[in-house]
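**Student:** The structure that follows is given in the form of structure tokens.
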Amino acid sequence: MKTLSRWLLRESVIIPLISVFAGLIIGAIIMMFGGYNPFEAYQALFNKAFGNIYGIGETIRTITPLIFTGLAVAFAFRTGLFNIGAEGQFIMGSLAAAYVGIMLDLPAIIHMPLAVIVGGIVGGLWGGIAGFLKASRGVHEVITTIMLNWIALYLSNYLIRTHLLEKGQQKSETLAQSSWLSFSFLTDLFNNARIHFGFLIAILCAIVFYVILQKMKQGYELRSVGLNPHAAEYAGINVKSNIIKAMVISGMFAGLGGAVEVLGVTHNVTILPAFQGYGFDGIAVALLGGNAAFGSVVGAFLLGTLTFGATGMKLGAGVPFEIINIVIALVIYFVASRLIFKRLMNALNVNKQEEQ
Amino acid sequence: MENNDKLLVRLKKEGGFKNMKKNFMLKSLILILVFSMALIGCAQESEPGEKPEEPTDEPLENEVKVGMVTDVGGVNDNSFNQSAWEGLERLKRAGGDVNYIESQGEGDFEPNLNEFVNGGWDLTWGIGFLMGDAIKAIAEQNPESNFGIIDAVVDAPNVVSTVFKEHEGSYLVGVVAAMTTKSNKIGFVGGMDIPVIKKFETGFLEGVKAVNPDIDVKVEYTGSFTDAGLGKASAATMYDNGVDVIFHAAGGVGDGVFGEASERSGVWVIGVDKDQSITFGDEITLTSMMKYVDEAVYQVSRDYAEGNFKGGIRELGLAENGVGLPDENPNISEEVMNAVNEYKEKIINGEIVVPSGIE
């Protein structure tokens with residue numbers, strides 16, 4: 001009990017909690033001024049997300065890709081890199097998985113794992129490009145990953161159009177069922193919700209994230225590079241190779257997310273007119289989760305629940321969808337302002353010291 | 001370092017941290033409140049005026065609940081999502097219970113449709129070609145519920161598939177464009193390269209050719225229905241090359257075509273789906289290829305309320321008043337209008353068969 005309460009009072013836990021409640025409360029106040037009943041609205045949101053077995057299944061479906069992209073952004077961040085390219089790595093992962101799913105004809109026991117693994121590898125390579133450019137030429141990863149996002153988007157559209165297109169449609173053919181991550185016994189159990197086993201892979205990835213960073217020598221090196229690359233180099237760590245490794249692993253998480261979304265939910269890839277936003281939501285998830293493995297899962301859970309439940313608010317209480325976007329923005333704002341609090345305190349601290 | 005720790009302890013005892021934090025929180029809270037109130041104030045003031053002369057229909061005898069799910073365009077897309085919602089608003093005035101959900105992404109289609117199905121709504125609409133798969137999946141999972149879809153054919157007994165003969169209406173605006181152009185260069189800006197848009201293009205080209213086969217028609221697909229910037233770029237290229245009339249079938253992308261035209265003089269745009277001269281003005285809007293999605297949605301929903309719902313395909317062309325030109329066309333001369341009416345007659349009585357461009 002004591003350990004639990006101590007854990008709850010830790011800064012990394014209590015500030016996100018306060019931020020979430022502050023966001024919800026201010027969202028409620030805005031709703032009240034707009035003439036809506038916030039209690040009804042939040043209840044409708046909750047009911048939509050968890051009120052029945054179908055809702056639970058679809059909520060998990062919404063959360064799953066966010067865990068992957070959240071982990072991708074968080075992992076890079078812990079090693080001192082800002083991976084804005086999770087979006088592109090996600091797209092490349094889905095494209096690769098779709099290729100394997102459509103072009104190959106294999107028994108399910110090989111086909112499905114192969115599609116997942118290839119998706120992860122291609123995502124990793126895509127992230128690795130940015131890592132390589134940073135390590136070898138010092139090109140900032142923010143620039144390269146943003147540009148690689150666009151390249152991924154249009155490359156994927158081009159390849160779908162030329163190789164995978166179903167006639168007269170804006171999407172690829174359907175993947176062979178042997179590559180699917182969704183199974184009818186599971187979807188039947190959840191009343192036709194599109195829940196799939198990608199969720200378990202996501203949790204597995206979070207564990208891998210934790211083990212690599214906290215329990216392995218490699219992770220120690222990666223974190224050292226993130227904290228202070230000069231010190232790390234002085235200590236004999238190869239900074240350049242660690243930058244590439246970090247971007248590859250980060251890209252793998254995002255690529256796996258893309259693969260899992262295709263194999264589990266859509267079973268085809270569409271020609272995208274614009275980004276779907278999984279990678280950008282991943283930045284919010286990582287921020288909410290304090291760039292930690294478990295935190296990212298919680299962050300994805302929160303963001304996924306809010307976005308999926310929002311349509312329930314629309315029908316149940318007449319609250320427009322925009323309100324939930326305000327609430328999400330407020331929550332992220334409050335989490336981000338944790339840094340402002342910290343800096344402010346540090347600055348005051350120094351001042352006081354000087355006075356003394 | 002030690003000093004620092006002592007200071008920390010002292011500060012904690014005195015509650016310095018807490019107070020500071022509280023103050024900061026309180027101030028930011030108040031600020032946010034003030035801002036949000038100001039914003040809400042603005043929103044209420046700028047509420048749009050009542051729309052003029054809405055058709056009034058006989059009140060419905062039975063209670064009916066009709067929902068619709070938009071694709072990612074949303075209900076204010078100045079195009080078919082909006083038109084469909086206007087059809088349901090008309091049903092509402094006749095006593096129906098209506099609501100809509102806007103999809104944020106393709107993954108939302110199925111849960112959004114299910115929201116209506118599980119909520120016990122009588123009829124659920126999916127608006128747009130892209131929702132075909134989702135409607136099919138949900139209709140098969142819920143054989144007791146009824147669905148409608150616009151612009152796609154879904155083969156299920158509980159789905160009404162409403163498709164339009166866009167090629168017939170596009171043929172007519174093709175005639176208008178061919179008789180209006182001075183440079184003998186005309187443009188077509190399409191959204192995504194999908195069968196529905198192909199029908200617009202084919203019919204339009206046929207109409208132009210019927211008047212003057214020597215006219216050069218430039219065709220471009222932007223690959224998007226939402227990015228107005230792409231439409232503006234396409235239009236700029238075309239106008240620079242001497243094109244003076246552009247027909248767009250590109251939803252929100254078309255807004256960019258209108259934007260580019262408004263910065264030039266002596267050029268025309270032909271709108272799509274709705275009478276777009278209402279939004280963009282008569283100075284640049286030559287006419288519009290109307291697609292009466294509102295009428296279709298209203299009629300099918302009303303049929304349902306009156307117990308006449310039947311699954312299957314409903315194809316609406318010129319003869320069924322599903323497509324056509326707007327009632328008022330101040331920019332079209334009488335001569336052109338007479339020609340248009342002649343062609344229209346010929347299409348309706350089968351003398352001219354406009355190809356749709358798809359098998």
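Cβ from N, Cα, C; glycine included.
Where the annotation comes from TrEMBL, it is an automatic prediction and has not been curated.
Below are the features listed in TrEMBL for this protein:
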- A:12-33: transmembrane segment (TRANSMEM)
- A:53-77: transmembrane segment (TRANSMEM)
- A:84-102: transmembrane segment (TRANSMEM)
- A:108-130: transmembrane segment (TRANSMEM)
- A:142-160: transmembrane segment (TRANSMEM)
- A:195-213: transmembrane segment (TRANSMEM)
- A:283-303: transmembrane segment (TRANSMEM)
- A:323-341: transmembrane segment (TRANSMEM)
**Student:** With contact taken as 3 or more Cβ pairs under 8 angstroms (pairs 6 or more apart in sequence), are the transmembrane segment (A:195-213) and the transmembrane segment (A:323-341) in contact?
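**Tutor:** Judged by the Cβ rule, the two regions do not touch, with the required three close pairs absent.
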**Student:** With pairs 6 or more apart in sequence, are the transmembrane segment (A:323-341) and the transmembrane segment (A:12-33) linked by at least 3 Cβ pairs under 8 Å?
**Tutor:** yes
**Student:** Give me the stretch from A:12-33, A:53-77, A:84-102, A:142-160, A:283-303 with the greatest number of Cβ pairs under 8 Å to the transmembrane segment (A:108-130).
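**Tutor:** Counting Cβ pairs under 8 Å, the winner is A:84-102.
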**Student:** Out of A:12-33, A:84-102, A:142-160, A:283-303, which stretch touches the transmembrane segment (A:53-77) the most, going by CB pairs under 8 Å?
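**Tutor:** Most Cβ pairs under 8 Å with the transmembrane segment (A:53-77) come from A:283-303.
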